[in-house]
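Engineer: Structure below; questions to follow.
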Amino acid sequence: MGMNPGGFLSAADIPLSRLYIGMAGVFFTAALVWVYTLMKYSVFKIHWLMAALAFTKATSLVFHSINYHFINTEGHPIEGWAVMYYITHLLKGALLFITLALIGTGWAFVKYILSDKEKKIFVIVIPLQVLANVAYIIIESTEEGSSEYSLWKQILFLVDLICCGAILFPVVWSIRHLQEASSTDGKAAVNLEKLKLFRHYYVMIVCYIYFTRIIAILLKITMPFQWQWCYEFLVEVSTLIFFVLTGYNFRPASNNPYLQLPQDEEDMEMDEVVTESGALEGISKVKKTSNGRDRQKESTL
């Protein structure tokens with residue numbers, strides 16, 4: 001590897017260390033804002049899982065930045081920092097998909113128990129995420145152009161797509177469940193609000209996957225060499241936007257009535273009447289996302 005005036009990295013990779021540390025700062029800030037919000041309201045366990053994901057994502061970016069810094073100055077990664085990055089990257093990937101799938105099932109938001117079919121999604125997605133991260137680590141540590149490199153690159157791409165597809169299933173099931181519920185019981189108004197929320201969420205996940213997997217890669221292929229870092233920048237920014245939008249839509253708040261679950265059947269009918277007007281109000285606020293809140297997604301998830 002030849003030495004550039006700026007270090008060992010190619011001109012396209014030199015800005016990455018600064019990019020990752022800058023984005024880590026933004027994710028930490030968003031995570032702190034999210035935690036501050038959680039302190040003010042009664043929240044579900046999943047809200048803290050969302051906070052853990054945000055902090056893990058930020059920490060992973062810090063180690064990624066340090067890794068690039070040493071590759072640039074020393075010509076090779078420092079093993080300790082590289083291992084820390086791989087651990088946080090793996091943890092972030094697993095947390096991301098667990099959180100997305102849990103939100104998709106409507107766990108805590110629509111119901112308190114997962115069906116067997118929903119549990120199977122986790123049995124499939126978690127091992128696949130581990131495999132995807134192993135593939136990622138092998139790709140990072142082998143020379144581009146080797147047969148091993150291209151094989152693991154294909155495995156990563158395939159596994160990643162399967163994971164992305166798998167997390168859409170719970171959202172579709174939740175939408176179907178809410179559609180049935182809104183047509184059969186007397187709580188149609190609130191169920192319809194939840195239905196709108198889950199439909200928005202489905203569109204968000206599809207857009208996020210489409211952008212980070214397809215659009216960004218097309219841009220990477222067409223961009224001039226020295227602008228290659230823009231690909232990483234776009235992925236990180238779209239991840240941040242996705243986290244913030246998810247956090248905003250599923251925020252714990254008194255003005256988010258479609259996330260309030262009545263504690264027992266007796267109160268249910270009354271609850272729906274009380275929250276109906278508020279629910280309609282809340283859905284219009286979802287569009288105006290000015291609040292820095294934090295939610296899920298990842299570098300390549």
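Keep in mind that glycine also has a Cβ here, set from the backbone N, Cα and C atoms.
Please treat TrEMBL annotations as automatic predictions, because they have not gone through curation.
Pulled these from TrEMBL:
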- 15-257: domain 'GOST seven transmembrane' (DOMAIN)
- 20-39: transmembrane segment (TRANSMEM)
- 46-66: transmembrane segment (TRANSMEM)
- 86-109: transmembrane segment (TRANSMEM)
- 121-139: transmembrane segment (TRANSMEM)
- 151-173: transmembrane segment (TRANSMEM)
- 201-221: transmembrane segment (TRANSMEM)
- 233-250: transmembrane segment (TRANSMEM)
Engineer: Report the listed stretch (20-39, 121-139, 151-173) having the maximum count of Cβ pairs within less than 8 Å of the transmembrane segment (201-221).
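Structural biologist: Between the candidates 20-39, 121-139, 151-173, the best contact partner of the transmembrane segment (201-221) is 151-173.
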Engineer: Does the transmembrane segment (86-109) reach the transmembrane segment (151-173) with at least 3 CB pairs under 8 A, where each pair is 6 or more residues apart?
Structural biologist: yes
Engineer: Against which stretches of its own chain does the transmembrane segment (46-66) lie, if we need a Cβ under 8 Å and a gap of at least six residues from its ends?
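Structural biologist: Result: 16-21, 23-25, 27-28, 30-31, 34-35, 38, 81, 84-85, 88-89, 91-92, 95-96, 98-99, 102-103, 107-109, 236, 239, 243, 246-247, 250, 252, 294-296, 298-299.
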